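I'd like to ask some things about the structure below.
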């Protein structure tokens, strides 16, 4: 609070008595009983209006307000040049100090002194300005390699001092220990994502900010698979992979690299998969195919043979002709046996 500089003179005896009693006669921190309830401490949120209550005993008594040793008001005279301060005048006895848009610089002790015909009476109020939490510094988004040690930083101000907590935003999100720093040792790909810092002190809503962590890792091929391949028709092989940065895919048949548009081959590459399609399968297309996935951290591959379909039908282990012959033989033997038993029965 900006107060008028020293140099103002006392123009009447009661003001001199007030100043002398406040600055000389009363020990620091001493309070005198009032006929009204005294307020020892007041909590006000930053930006709000604080009203420090003080009352005169009668219309003849005079009052004064001080902040530490600086005079704010003496009677109806304002000594402070701060436009935010004023005296409340709800009634003749009301001599409350009003401070608009309070700030942390308004923190501290305030003294109201009432000068009567006998002795001055004083009341002290300690004003505490509470400040909502505010995160003023947090780690930037980062990209690091898997296995690296990481420290995330989140700094905040507020009064009371805010409690800082961290949370990993993921399907298996779990809170970490409170603190300005979050240490992650040997970070894994599963620990990539957004980390949320929250600063809270119950004065207002928590202040929340996020850090995005990208974890690079070498590619892996999770699956390589083909569908039914029939000569004269289309066939495809699908290669599923993962890696950060996203891997680049290549295809080989044996030792020969394949390219899109070569001999009826179509290659479609995506961030996590590659699809090789043969538009018109011939005998030359059968063989061993290899999918290669690579990024700046490494290379991996997986192979799959592309074979022609089997000519044997389900449940049949021989030719149709052989099966027909066996069936005919079985019928012939059955007929011979039946005739033999019938002849024996007639003879008996």
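Each Cβ is built from the backbone N, Cα and C atoms, and glycine gets one as well.
Got these off Swiss-Prot a minute ago, pasting:
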type: DISULFID; residues: 54-112; note: disulfide bond
type: DISULFID; residues: 154-197; note: disulfide bond
type: DISULFID; residues: 239-291; note: disulfide bond
type: DOMAIN; residues: 32-128; note: domain 'Ig-like C2-type 1'
type: DOMAIN; residues: 133-215; note: domain 'Ig-like C2-type 2'
type: DOMAIN; residues: 219-307; note: domain 'Ig-like C2-type 3'
type: CARBOHYD; residues: 67; note: N-linked glycosylation site
type: CARBOHYD; residues: 149; note: N-linked glycosylation site
type: CARBOHYD; residues: 269; note: N-linked glycosylation site
type: CARBOHYD; residues: 280; note: N-linked glycosylation site
type: CARBOHYD; residues: 288; note: N-linked glycosylation site
type: CARBOHYD; residues: 301; note: N-linked glycosylation site
type: LIPID; residues: 318; note: GPI-anchor amidated glycine
type: SIGNAL; residues: 1-31; note: signal peptide
List the Cα distance (Å, whole number) between residue 239 (disulfide bond) and residue 280 (N-linked glycosylation site).
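Per the Cα atoms, residue 239 (disulfide bond) and residue 280 (N-linked glycosylation site) stand 20 Å apart.
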Counting across all protein chains present, how many other Cβ atoms fall within 10 Å of the Cβ of residue 280 (N-linked glycosylation site)?
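By my count, 12.
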Count the Cβ atoms, other than its own, that fall within 10 Å of the Cβ of residue 112 (disulfide bond), considering every protein chain shown.
25
Give me the non-local Cβ neighbours of residue 149 (N-linked glycosylation site): same chain, 6+ apart in sequence, Cβ-Cβ under 8 Å, ordered along the sequence.
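Listed in sequence order, they are 183, 184, 185, 186, 187.
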Between the recorded positions 67, 112, 154, 197, 269, which lies closest to residue 291 (disulfide bond), Cα to Cα?
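For residue 291 (disulfide bond), the spatially nearest of the recorded positions is 269.
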What is the Cβ neighbour count of residue 154 (disulfide bond) at a 10 Å cut-off, with all protein chains included?
24
Name the residue among the glycosylation sites 288, 301 whose Cβ has the smallest number of other Cβ atoms within 10 Å.
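Among the glycosylation sites 288, 301, the sparsest Cβ neighbourhood within 10 Å belongs to 288.
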